[in-house]
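According to TrEMBL, the features are:
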ACT_SITE  Lys260  active site, for sulfotransferase activity
COMPBIAS  12-35  compositional bias 'Low complexity'
COMPBIAS  66-78  compositional bias 'Low complexity'
COMPBIAS  86-103  compositional bias 'Low complexity'
DISULFID  Cys532-Cys541  disulfide bond
DOMAIN    251-567  domain 'Sulfotransferase'
TRANSMEM  159-179  transmembrane segment
Amino acid sequence: MTAAKRRAATGSSSSSSSNSNSNINSEQQPLQQQQQHHHHHSYQDADQQAHEYQQLLQHQHHGHNQHQQQQHHQQQQLHQHHHAQQYHQRQQQQQQHQQQQQHHQQHQASASATATLRDCSVKLPLDILWLPKSAMRPVGADASHSDCILVVGVSRPKLAAVFLTVMLISLFLTFHVLYDSAVYNIQAAQAVHERHRLSLAASASAAAYTASNANHLPVFVKPVASSNQLSHPMVFPSSRVHFPKTSRRLPQALIIGVRKCGTRALLEMLYLHPRIQKAGGEVHFFDRDENYLRGLEWYRKKMPHSFRGQITIEKSPSYFVSPEVPERVRAMNASIKLLLIVREPVTRAISDYTQLRSHAATAILPLAESNAPGSGYGAKMPPTTTSLYAKLQAAHGPYDNALGSGAGAKETKLRATAAKRRAAPSAAVTTMSTPTTTPSAAQLAAKSFEELAIFPNGTVNEAYRPLSISMYHVHLHRWLEVFPREQLLVVNGDRLIEDPLSQLKRIEAFLGIEHRVRSEHFYFNETKGFYCLRYDNGDRCLRETKGRKHPHVNPVVVSRLRKFFAEYNQRFYELVGEDLGWPEE
């Protein structure tokens, strides 16, 4: 409408202008036409601007509608959020109300329990109370007819911890006692089975065993004729309580000899090592038939408890000179490590004689009270002394006329030679008033080492046991026929006395264990003349019988014996692959 008014006004002004200018000359007409044309374009521009303005108004109106829609949507979201908050608040109020009700119920139950507690409480130690069942929340059907239940509590936390610890230890020990009892029953059944098996084996091979070993058994051991002669009692495993990481194991190493060369000292020194466990004493399992027939289970029971990785060592010096021992040891463990400690042969023989004479002199001490004519040896001895005297006669009497353990054809020849040489009367023997022709323990105590080792004609008594044991190569040859040389270590007993640490390092390397024995573990005892052991809890030397003073021996006899052993020592050096440097005269 504005554009129309403008055009109407323009038209009226144009008509008035045309009427007033009708008298203008024809020269002004072109100018008027141009002005009209310009006004026409101006009108078009105005129309276009008006159209654009209308479109702008429409666009603004549309944007305003969208903004209103967004505001409406936001209001709806706020309204929904407000409703959700109200819902959550109602839920929280309901939960609080339920909790208050539960608390109120518990308070009522506690008040009821407190009221009933006066009738049910009992004064007992450790806060042991009888509480009413109404104070406890039921968890299932109750089949009891009591109105009270037992509640045990400890008001002191430390006391409770101690009590719990004691209970756990008690349960632990109870379990192990039951475990050991079950193991004992199983092993007892195994012992019965082992005895039956050995009895059958002994019965089947009794004749062959007796024929082939009668000349090699010690004189105090009788051959087994049949299984009916097995008179030793049934040996059941002893009950024990120990931790599961320890057990009794068969030995992985043996000290096989030689006697009077320091076997006990060697074992005690090895025991300084934390990985070594030792048997308590000389078991004599392999060299005594009555022990060997009891089986390996009996032998294992003689061993100490040890952890896995520790080495158990057993020492019996008589193993070295017993001919049946190598095969028996191999049957138990073919890879066992063997330790052989040796000394200069003549010194060892004198030490052996000193011990034997000490034992014999101890047995005949009561004879000083009986010097009446016609009274025999041991006639007035007490029963216990007479028994000991008889044992020494059986064990030590033949030492000057037999090897005892034997060494095959070589030793049989030696025994025959010794018997021929003793056929002629000896001045040392004829001066003795003895009721028998067999040398007794009393005669052994009276004879000197020279008389026992050297015959009156000046020859060496090769069959005298202290000398025959010193023939190391004879006995070692049997062991090397059964075991490889790598499984046997020869320890120099003389150097062990002078420098124990160097020898122990060799043994540690041989056993495959780390070097743990140090110089501070030893100190020299001036009285005894050898090293003693020093433990963390104190010092320790061997018992008084070790390091006893040797009797004086004629140097001529010592020189004669060393010349005699020179050949045997060379054979021994060849077997062990080492020259020990023992004197030859």
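Note that Cβ sites are derived from N, Cα and C of the backbone, with glycine treated the same way.
It is 16 Å from the Cα atom of Cys541 (disulfide bond) to that of the residue listed as 'active site, for sulfotransferase activity'. A sphere of 10 angstroms centred on the C-beta of Cys541 (disulfide bond) encloses 17 other C-beta atoms. In the three-state DSSP scheme, Cys532 (disulfide bond) is classed as strand. The local packing around Cys532 (disulfide bond), expressed as other Cβ atoms within 10 Å of its Cβ over all shown chains, amounts to 18.
Taking Cβ-Cβ distances under 8 Å and a sequence separation of 6 or more, the neighbours of Lys260 (active site, for sulfotransferase activity) in its chain are Pro317, Arg343, Arg348, Ser351, Asp352, Gln355.
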